[in-house]
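Next up is a structure, given as structure tokens.
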């Protein structure tokens, strides 16, 4: 148990007894530096803090099993690195005297030289023989320090002498006629400001403390409450203490021998709360009924330096508890914010008090009288109490346990809930640039400490009338949601909640439209920046003629030279729209080149067109040649060059629209980046070679994906550009993935994207040789399945470990404003639907609606949704559609079609839970004119009741409204082309980059360039050459007779009545 442990310095207790133990070694550099600090602080503040003492005498008592903090032990550890029990140290202006055992004396021999160099003083070691009381050595020390009759000796008057050595020393001092003064304040000032080594110890201790709270205490409590177990506070205390003493159990890499507890962990619940630092955990069971509060406090030490964290967990909290906690949290942040160099300590308390007085004056009387203390080698450093009376000045290097709470707040008549208390505590280092919360790994946000475990059908224990003084934030009480049988009618509750959401949504939309915020999006077409592409600046740059007039390809200048009327005329490759070749029956080959020219449908106005409006343009040219091989080479070279130039210009245009981002700051050599290896990326880099896996690393301000083989394939994702980030482990899928949805586009290779995904395939593609069926009990088959399961579990664990480490990184104060955390899809809420062209499994998360397996990816932010309209909802329908209307009315409505009706109730429940207003309709609506009407006349939209025109119940009561809605009907299986698609097609580059699109465009242009007569004549010639014209005619006649035979229906079948279709 923790009660049987000494507080100050677990390494030193071993010195008191025999035994080998480990080899102790004093850090000479620390000793020299700190001895100088001791003498300089003593001389500088001799009268203010040290009582005017001429000599300092520090007597350390014997080792004890009790948990206690002593300044004598603290000085030993601070100066020498270890606690030296039963040791007397006397500091004078001439010498330093040490009285101890022989074993300690041999260890202290090394400081003699350092003390001489540091403060020019000799260290005199007096060895006390075993079994002696040390009287002779004490007399020798007192004779040495006497310099006159007015000698003032400083000692620790509040520490009671223990053991024969210290009792004898105390009597000697009292009988020596030396003036004695207390030096507690001097030592407190000495320990107040920590050096870098001390701060490192505090940070390590704080990391361990926060990790225990996050990785052990919180999961432990959640499991107990979820499984409704009965566990006592004292049992939780013992388990948590074991977790502290075994850092590896909470994923902390610290040596167990350097770790200890600050105090026995504290667990309180059930209405009995004590917010004093000396509180303890009782033997009562954890109480976690509705509106209950659980307070947990954990403190750990590393190399004897303390840290502390305390959290309050709210179980099914009501409005009053939430409000009180939010005020407490705000006051706690204000207190931390007031920890600035130069401020007085009292300003910290005043900052917290001001928040409470402003936001909840009725809680001022319940606020703790102090908001914390200094912390370090002692859990509570005297002289650094954060209260209203302390006027000491804050300095960089100080460390505080900022702890404040509300004591005994009144609740209700339930016995164990009559009073409740709230407590929040963190370890904070005052740095040169402000405070640093080193226990921030353990979250204290409301969303992370408030739990809701009540089921919807849970019966109330007290069917009493509501008290008028109860502060309830819900719009409807549970008593109004009961059916005749006393149970909650879920559908009625959802209907009332949706009615309240409709009211709030109409008010919100009215405010936004009235303020001109009808949408910030821009769905207009994106005009490409056009540049003048010039092949040759003057005639002299043309390549020399080759003698024969033939088509030439100039790869260097990206041009083609065509022989026209005996001269070589250059054209830049961007002027070519399509090129193709064909042959006739006389073995002649033709090449046909069609150019871009003004006036073609859907073409954008180019800069050159506007400059030369009176110019004449060549539409197309054709050449004939007997050399078919040469024609084929020319066409292939033109297409290749055209594709390369088009890809380059397209990438250049895409990059021109990118938002500039900050540069990635790589992690230093001392801090290794968090890495996840052997990943594939989507969208993939260009190139026809086999895809190569790479590594994802988390650096100072962003992620970097790269591989060692292709250094140019590198993607940087800045933390500030991440809008949403998801982790989806493989369950029924073939991949485990990390998905990043960004604020602004980035380039992945030559692709512009807002969604970047990194994934690993958890199953390998295996082809069974022989093709026969294998037995269910086939050993090889079973082993193969087991290997696949092991591989999947290992990959999921590797991803989970990476996610946890990155979440811990994002929990640091510098990333607080980004509010980043990996979100995980909630599969149990998923449903099937068609978001684009194929059926996919769409899954909600805490903040989004996503589909991350099939491309294109789907990521919809819930906070950007205005309303959801469930369409084609009616009796007998197997499927329905979901129309998502965004708050930005210029953004197209997003449709998810063909959702099974079996998912309707779960989707409505999910939408209601996430406070999204939904409507139902029996038909599909044409949303473009609806949104256009709203944007053009928002006042009329508001006056007509806002979104209530979608209310199916209201529309059914008026026939004219149904007639109006019929006008907007469109079948669900008819895809409406969006404006964005039209704009994209109008603004795409002159030449597609894919080969299949290239050829389809060529065929289209070829058909446009020939009449029907020409095409028919070519087809007849081709048939005549093959000699199968008669066969084709015979085939056509045979097919016609076959079709005629099928059209003659069977009389018996025709007499059967047709089955009526359900509309």
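Any Cβ shown, glycine's included, is placed from N, Cα and C.
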Under TrEMBL, the annotation region 'Disordered' belongs to which of these stretches: 502-528, 529-555, 556-582?
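Comparing 502-528, 529-555, 556-582 with TrEMBL, region 'Disordered' matches 502-528.
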Would you mind telling me which of 453-473, 474-494, 600-620, 621-641 TrEMBL tags as region 'Disordered'?
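Of the candidate stretches, TrEMBL labels 453-473 as region 'Disordered'.
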What parts of the chain pack near the compositional bias 'Basic and acidic residues' (502-511), using Cβ distances under 8 Å and only residues at least 6 beyond its ends?
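For the compositional bias 'Basic and acidic residues' (502-511), the far contacts come to 866-867, 917, 938, 942, 945-948, 951.
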What are the DSSP helix, strand and coil residue counts for the compositional bias 'Basic and acidic residues' (502-511)?
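DSSP classes over the compositional bias 'Basic and acidic residues' (502-511) add up to 10 helix, 0 strand, 0 coil.
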